[in-house]
Amino acid sequence: MDDNKRPLYLPFAGPAILEAPLINKGSAFTEEERIFFNLEGLLPHVIETIEEQASRAYDQYKNFGNDLDRHIYLRNIQDTNETLYYRLLQNHITEMMPIIYTPTVGLACERFSKNYRRNRGLFISYPNKDRIDDILNNSTRQKVKIIVVTDGERILGLGDQGIGGMGIPIGKLSLYTSCGGISPAYTLPITLDVGTDNPHLLEDPMYMGWRNQRIGGEEYAEFVEAFMEAVHRRWPDALIQFEDFAQKNAMPLLERYKDRYCCFNDDIQGTAAVTVGSLLAACQAADSKLSQQRIAFLGAGSAGCGIAEAIIAQMVSEGISDEQARQQVFMVDRWGLLQDNMPNLLPFQQNLAQQVAKVEGWNTESENISLLDVMHNGKPTVLIGVSGAPGLFSEEIIKAMHTHCERPIIFPLSNPTSRVEATPKDILHWTKGQALVATGSPFEPVVIEEQTYEIAQCNNSYIFPGIGLGVLASGAKRVSNEMLMASSRALAECSPLAKDGEGSLLPALEDIHSVSKHIAFAVGKVAIEQGHALPASDELLMQAIEDNFWTAEYRRYKRTSF
């Protein structure tokens with residue numbers, strides 16, 4: 001128990017205190033607290049420490065036979081005793097992150113309605129569009145500072161999961177707390193229930209969402225506008241993270257709101273920031289610059305294009321022109337290499353399309369320039385997969401890349417594991433252990449000829465908790481591109497590979513607290529420099545980060561009257 005902090009004064013007692021996850025201590029209530037809060041007889045006699053509770057919980061956790069059951073068990077602890085939940089994650093973060101988030105959370109989303117047990121967060125349904133203010137006021141969390149919101153249309157690589165997508169905001173906010181030290185009392189997951197186009201859900205008698213085809217067009221835009229305005233009225237200083245919106249909505253929503261509210265899209269900007277940070281670390285280890293690389297993408301959706309734009313911005317900051325940087329980036333989708341004469345390019349793709357004149361002399365084997373054609377002609381040194389389609393990084397493609405690049409950098413980032421473009425084991429075997437590999441989902445280390453290769457997980461959890469902490473500590477009113485670039489550079493500075501040629505590309509998850517604080521400082525400093533936050537010295541900013549960093553310790557309680 002943290003005796004250095006002042007006690008919390010609570011106006012209620014008895015079973016009510018045991019049913020409030022944010023304040024429940026279970027068997028850790030002291031004898032004095034049990035008397036004052038009318039808890040005598042409601043708990044077993046023994047008074048435990050949080051570590052004793054966590055030890056029992058971990059023993060129970062290990063007895064479950066599959067990851068989904070482990071996920072459900074951990075969620076039950078979260079809905080019963082949040083402090084214990086986060087102590088358990090703190091003690092076993094590497095083991096449990098794949099359980100509370102990707103890849104297991106994908107299965108939890110698919111089975112959300114079937115496994116539903118208890119409310120968490122807010123569901124705002126389109127039929128209730130005129131009562132959004134009332135719905136927000138129904139939240140028991142009064143000081144919300146970070147919101148993760150989804151409409152469930154593009155959940156990981158699984159597509160439309162309707163309200164089942166709520167598993168993503170819940171899981172994401174668990175990482176804000178366990179990795180970034182954001183108090184769970186300041187977090188709120190929200191799902192915008194605008195219907196679903198998933199026929200399996202519409203026909204499922206257990207589906208708990210609004211049974212209707214998804215709304216779109218002006219109806220959708222007006223609903224999201226009403227939501228954003230209502231959130232700003234209720235919690236004007238809250239950071240809003242857009243999560244798993246479909247491509248057709250993700251970028252337009254970000255463009256519409258990024259200069260009006262404190263918000264960002266993790267799929268576009270968070271993924272870009274962690275990818276750029278990982279690339280910077282890889283380049284530092286090779287004593288080169290990102291601006292010297294030639295980069296091929298498989299997948300030209302909003303996430304892939306967001307990463308590409310962030311890479312180009314970093315290249316330009318290193319001294320090359322925007323035009324030159326764009327010539328070094330090759331975007332490939334199902335129709336082949338994006339070229340500026342293609343019809344129906346989306347707005348965010350147009351500036352990333354290669355000029356036809358630059359590639360018309362290429363020796364190609366297909367009418368549309370394929371990824372393999374790009375390997376032979378463009379000779380990329382970096383390959384990034386955000387296609388959501390498994391197995392597309394074939395042996396032929398990887399070996400073609402390796403013929404012109406001794407140490408290729410290969411990031412198959414698609415989630416969940418079942419959607420990855422190639423496994424690290426295959427990539428390392430095909431390149432004889434020479435590739436630098438990072439993935440979007442967790443993979444076991446690979447052993448080749450008695451050498452073990454740790455596989456870095458290029459996971460947004462390295463970035464967004466630090467961004468959230470930096471925004472909260474500095475009081476930033478916006479999330480700018482420069483703040484995101486600062487987060488990438490800060491992550492690269494934490495890379496073990498930069499200090500040791502045999503080290504991992506990304507830090508160990510056990511070091512995530514120090515990484516998040518380092519990123520938070522970089523983000524907050526840029527926010528202050530840009531005028532998005534009030535002036536503060538480096539010392540004051542660092543102190544604010546420490547003051548806002550929540551740890552999973554019980555507080556002392558005192559009783560007060562209503």
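Glycine residues also receive a Cβ, built from the backbone N, Cα and C atoms like all the rest.
What Swiss-Prot says about this one:
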type	residues	note
ACT_SITE	Lys172	active site, proton acceptor
BINDING	Arg154, Asp267, Asn415	NAD(+) binding site
BINDING	Glu243, Asp244, Asp267	divalent metal cation binding site
SITE	Asp267	site 'Important for activity'
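Asp244 (divalent metal cation binding site) is 12 Å away from Asn415 (NAD(+) binding site) when you measure Cα to Cα. Lys172 (active site, proton acceptor) has Glu243 as its nearest neighbour among the binding-site residues Arg154, Glu243, Asp244, Asp267, going by CA to CA distance. Cα of Arg154 (NAD(+) binding site) to Cα of Glu243 (divalent metal cation binding site): a distance of 9 Å. In this structure, the CA atom of Asp267 (NAD(+) binding site) is 7 Å away from the CA atom of Asp244 (divalent metal cation binding site). Report note: the divalent metal cation site is defined by Glu243, Asp244, Asp267, and the residues of the same chain whose CB lies within 8 Å of the CB centroid of those residues, excluding them, are Thr150, Arg154, Ile155, Ile168, Phe242, Phe245, Ala250, Asn265, Asp266. DSSP assigns Lys172 (active site, proton acceptor) to a helix in the three-state reduction.
Residues Ile155, Leu156, Gly157, Asp244, Ala303, Gly388 surround the recorded NAD(+) site, their Cβ atoms falling within 8 Å of the Cβ centroid of Arg154, Asp267, Asn415, which are themselves excluded. Spatially close to Asp244 (divalent metal cation binding site) yet at least six residues away along the chain are Thr150, Asp151, Gly152, Glu153, Arg154, Ile155, Leu156, Gly165, Ile168, Asp267, judged by Cβ distances under 8 angstroms.
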